[in-house]
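A quick write-up on the structure given underneath.
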Amino acid sequence: MTITPQQLIALLPLLIVGLTVVVVMLSIAWRRNHFVNATLAVVGLNLALFSLYFVGQAGPMDVTPLLRIDAYSMFYTGLVILASLATCTFAYPWLATYPDNREEFYLLVLIAALGGVVLASASHLASLFIGIELISLPLFGLVGYAFQQKRSLEAAIKYTILSAAASSFLLFGMALVYADSGNLGFMALGRSLNDDVIHQPLLLAGLGLMIVGFGFKLSLVPFHLWTPDVYQGAPAPVSTFLATASKIAIFGVLMRLFMYAPMANSEGVRTVLGIIAVASMLFGNLMAISQSNIKRLLGYSSIAHLGYLLVALIAVQSQQLSVETVGVYLAGYLFSSLGAFGVVSLMSSPYRGPDAESLYSYRGLFWHRPILAAVMTVMMLSLAGIPMTLGFIGKFYVIAVGVNAHLWWLTGAVVLGSAIGLYYYLRMTVSLYLSPPELMQRDSPANWAFTAGGVVVLISAILVLVLGIYPQPLISLVNLAQPLH
């Protein structure tokens, strides 16, 4: 098979990230230098981001049967690379005083980013599985990166075992789907799916097993049990990556699969997904209420956010609006999560053992770091879906999709879940403005706003506010990113 120059241009982000992985690996082998390797990783990711401009010029195309490069894949590639860049930026000051090998961190983040880019373009179950494994395997190492602490090691072991189990479910599900349909391409699957999936027991069993695998990767109830422990045990920059890049890439490819192969047309599949969505919304929010650890709280809240997003997946028949909803919601979720985890990373840097993760550490933050407290407030309000923030635009879209598709019970659950969520987000926000404790346990550096991580956090806060008040640029961008058949 010959690859034309056009196809090479279409694959630029993938090739650049892959090349950066090799360069960083050789650089580590030659000489360990934290600054040099961090710079190489960030430069490589920035080049991959800029290369999207040339990919856009090349136009939509199928590069091999495994990958479809179009505006949709470019949008999700961009989000994954932004999340990876933020992870590297937050990790640099944290790793500066880390007592063990530091350089491999960037290597693992780059390999996971490569997996995310593969997922964004996947149009075949084989590339979907390769992408998911590429994103999951480095995370085993990243979650346990602070292995001197028992909690980080425990989180890594939990994540490794459960992730391996989920991958085997996913693979077995794909095998059954292949046994029934004889195809692994998304489009070909769509052609072999009849409206009466119920009468195709092999296909139904395969879809069920795949939903279990995806449910674990997206931490949906009842496959969510690892989430709070792993978010708490992983270093703050890794929790950032887990909450953003891996969720966004996997949900992006799941959305494409459901559009090309309309599984949600089957009443049985819709009912199962609906039950998972409602359980995730309510359970995620109810469990977050009792948390006194901010990383656990954000872990439970991510379960609820993915539950809201499932509404758009179930209503995938009203395609245009559904795809628009997922794009806007995930962009809002990305910037809100980057800001929230960014503040935790800034408070936890440089490395001093456990992260600054108890809510008590943030009590009275406003009185000595007012701008940082204001940023955290904006992020909490956005995650809660308060008007004037980007989070509100996403929630509004989700409810609009639910109403449009007549999914009344799901729309009711979104409203109820958001109301419960308001309580713990506001509890976190209020504690920032209480009188500070006599002795400050943890604090961010005084010049945090002039560090690279501080700049990322401030840009996220500005984007959340500006796009919350005037969302048209984002909506136009998401409309451009409609997948072409």
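Just so it is clear, glycine is given a Cβ too, placed from its N, Cα and C backbone atoms.
As written in Swiss-Prot, here are the features:
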- 8-28: transmembrane segment (TRANSMEM)
- 35-55: transmembrane segment (TRANSMEM)
- 75-95: transmembrane segment (TRANSMEM)
- 105-125: transmembrane segment (TRANSMEM)
- 127-147: transmembrane segment (TRANSMEM)
- 159-179: transmembrane segment (TRANSMEM)
- 203-223: transmembrane segment (TRANSMEM)
- 235-255: transmembrane segment (TRANSMEM)
- 271-291: transmembrane segment (TRANSMEM)
- 297-317: transmembrane segment (TRANSMEM)
- 326-346: transmembrane segment (TRANSMEM)
- 449-469: transmembrane segment (TRANSMEM)
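Contact counts against the transmembrane segment (75-95), taken as Cβ pairs under 8 Å, peak for 235-255 among the stretches 127-147, 203-223, 235-255, 326-346. Residues 85-86, 89-90, 92-93, 331-332, 335-336, 338-339, 342-343, 345-346, 349, 371-372, 374-375, 378-379, 382, 387-393 of the same chain, all 6+ positions outside the transmembrane segment (449-469), place their C-beta atoms under 8 angstroms from a C-beta of that stretch. By the count of Cβ pairs under 8 Å, the stretch nearest in packing to the transmembrane segment (8-28) among 105-125, 127-147, 203-223, 271-291, 326-346 is 105-125. The listed stretches are 105-125, 127-147, 203-223, 326-346; of these, 203-223 has the most Cβ pairs under 8 Å to the transmembrane segment (271-291).
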